Amino acid sequence: MMKFTKQNFFFLVGGMIIYVADIGVDFWVASRYFCQGQYSWSILILCFRGLSSIITQIFSYEWFKNDWEGTDTGKLKLVFLVHLFLCGMFVRYWFALKYGCQVAFKQTSSRGASEADPSTFIQKQAIDAVTDINMLRVFKTFLETTPQLFLQIYILMEHGKTHFFQYAAIMMSFCGISLSMVDYQISLRKSLPDKDEFRVLSKFTYLFYKLLTITSWILSISLITLLSVRISVILLIFLWICGFTWTLKQHTTFCKSKKMEYLYRTVVGIILIFSFFNIKGRRTKICISIYYATHTVVTLGILFVYMFWKPSIIKEICFTVVSILTILSLVLGIIFLVVYYSHFHPTTYCGPQACSDEVDGVAGQKDRVKTGRFQNFLMQ
């Protein structure tokens, strides 16, 4: 297992600051739209925020309940109360900062120490705490941050008028997506065996791959939404149904209860609308090729629809700029994808036993705390 370093601790603090700032920006933007009489935009922003908060609280509390099974029930009731008021992430940040501070500043080097050594145990607690936070942030990214980015870009393209708070929301969304993607991969490397260290070049390659492909897709959805909101909604629902159906066929066993498992599959279906998600930790060369080939065909199809449906709009500078950005970000994103999987992506996700169907099934749930939740939660 890799060490939790001082650098990791400062990144954790930075992540918490951005998490708080993101909440503040969302309420600020919603209030500005409300004051301008744009009530629908204000309500949508608050709905995205509320939905993502509720779902992350549910998963966070469920994980606490699983990890603390058989422990003090009074402590669990207090945690439930905190999650009820949508503050569960702050509890997780407190635990992560507590363990992280101990191993990064107070503990001596644990090189060669056994798993029974106290410093090694706290080291694992710190990494597991940060891992859970990053998993929840992945949920939040695709339930709130990415839809928020899509909404702000659509409003800019629809009305043309720009305000500082809109740019602030877009920049905060890009920062949130970027940090979530990179922090996720860092936690993945630290939590699973046989993972190489996530170095600077591989971080940037992975970041650009994710950010550019997501940006291209959001611009494409914004264009089709400008053309017809009804068609856009139908397309998004259809893509979610496809993603949800795929998770059903994969027979995921991430959660202990059936209700939580279906909620997890629902969330994965939403994530698959915007980015590829490997939910079984298996080789996915064919799946990822089909996924981004489909995105490419749909993106080009949307641009062709504009040419035949509204040929007059092609002459507008806005459409030209957006079209160039959409195609350029898609091409560059796929180039970074190929480079990442060719040179930086580890070919082994976990050991032979961890990759077997048994660990991904019911038997694997018994060792959830020991092996970590990442055994059943892998996004490429």
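A Cβ is built for glycine as well, from the same backbone N, Cα and C atoms used for every other residue.
A TrEMBL annotation is a machine prediction, not a hand-curated record.
Pulled from TrEMBL:
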type: TRANSMEM; residues: 9-29; note: transmembrane segment
type: TRANSMEM; residues: 41-64; note: transmembrane segment
type: TRANSMEM; residues: 76-95; note: transmembrane segment
type: TRANSMEM; residues: 164-186; note: transmembrane segment
type: TRANSMEM; residues: 207-227; note: transmembrane segment
type: TRANSMEM; residues: 233-250; note: transmembrane segment
type: TRANSMEM; residues: 262-279; note: transmembrane segment
type: TRANSMEM; residues: 291-309; note: transmembrane segment
type: TRANSMEM; residues: 321-341; note: transmembrane segment
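Packing against the transmembrane segment (207-227) from elsewhere in the chain are residues 146, 149-150, 153-154, 157-158, 174, 177-178, 181-182, 235-236, 274-275, 292, 295, 298-299, 302-303, 305-306, 309-310, 322-323, 325-327, 329-330, 332-334, 336-337, 339-340: each is 6 or more residues past its ends and has a CB under 8 Å from a CB in it.
Sequence-distant contacts of the transmembrane segment (76-95) (same chain, six or more residues past either end, CB-CB distance under 8 Å): 12, 16, 19, 53-54, 56-58, 60-61, 64-65, 68, 125, 129, 132-133, 136. Each of 164-186, 233-250, 291-309 was scored by its Cβ pairs under 8 Å to the transmembrane segment (9-29), and the highest score goes to 164-186.
Residues of the same chain lying 6 or more positions beyond the ends of the transmembrane segment (291-309) and with a Cβ under 8 Å from any Cβ of it are 213, 216-217, 220, 223-224, 227, 235, 272, 276, 319, 323, 326-327, 330, 334, 337.
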